[in-house]
Amino acid sequence: MIPDSAIISVQPRLPSLACVLEKLSQAAEAWSSSPVTIPSLNSSSAQTSLPQPSHDTSNAQSLSRRSAISPLPLRSPNPFILFRTHLIASAKASGVIAQGDVSKMASSLWADMDDLDKQTWKDKAALAKESLASKRAEHPELCTRKRAKRGSSDRHRRRETANASAYTQPPISRRSSSSTTLPSFAYLLACPPFDSSSSSIGLPPPSRLADELS
């Protein structure tokens, strides 16, 4: 029988949180000194020489070539997204901590970071924004995604349709039309109290009523 001490010695040692944070911070400092590079739009497969297509298959190949190039994004990533992406890539490459744990720790690490280190990531985000703007200007055919402008007619039309549908009364069914409609509580409160002296029904005095009955 294997003793418990031998089983405990076989189990791997998990890295401490301080060691993980130190390795991640070192990787972040090393990556922050490197420039931001955005991959080129021309892939290696597009640069290879291909045989001339026939007239029948030219349209199909052109469509497949266009679909292979993904459209440009609407906006570039912000500083926090760049920082979190780098942490996840570093953790995946080193293997010291799971990717999900790094994603959860990214917000706390960003909150504890000083302004000087945050400025480095802000500069990287500014460079990425300029690079994306230049690529969108050079390749307008890849700018297929568009945002609705503020105050546009389409947005106003959708808003008016939503407001009209919210206040539309439901159709009256046969059961609801035949049922007796009771006055609401607000209507009863608004009505003045009943006064017998101001009643419109003319009744004879009690003495005359007794004579008529006798």
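Glycine is no exception: its Cβ is also placed from the backbone N, Cα and C atoms.
Going by TrEMBL, these are the annotated features:
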- 42-67: compositional bias 'Polar residues' (COMPBIAS)
- 131-144: compositional bias 'Basic and acidic residues' (COMPBIAS)
- 145-159: compositional bias 'Basic residues' (COMPBIAS)
- 162-171: compositional bias 'Polar residues' (COMPBIAS)
- 72-141: domain 'HMG box' (DOMAIN)
- 42-70: region 'Disordered' (REGION)
- 131-179: region 'Disordered' (REGION)
- 195-214: region 'Disordered' (REGION)
What does the DSSP secondary structure composition of the compositional bias 'Basic and acidic residues' (131-144) look like, as residue counts for helix, strand and coil? 11 helix, 0 strand, 3 coil
Averaging the pLDDT values of the domain 'HMG box' (72-141) gives 86
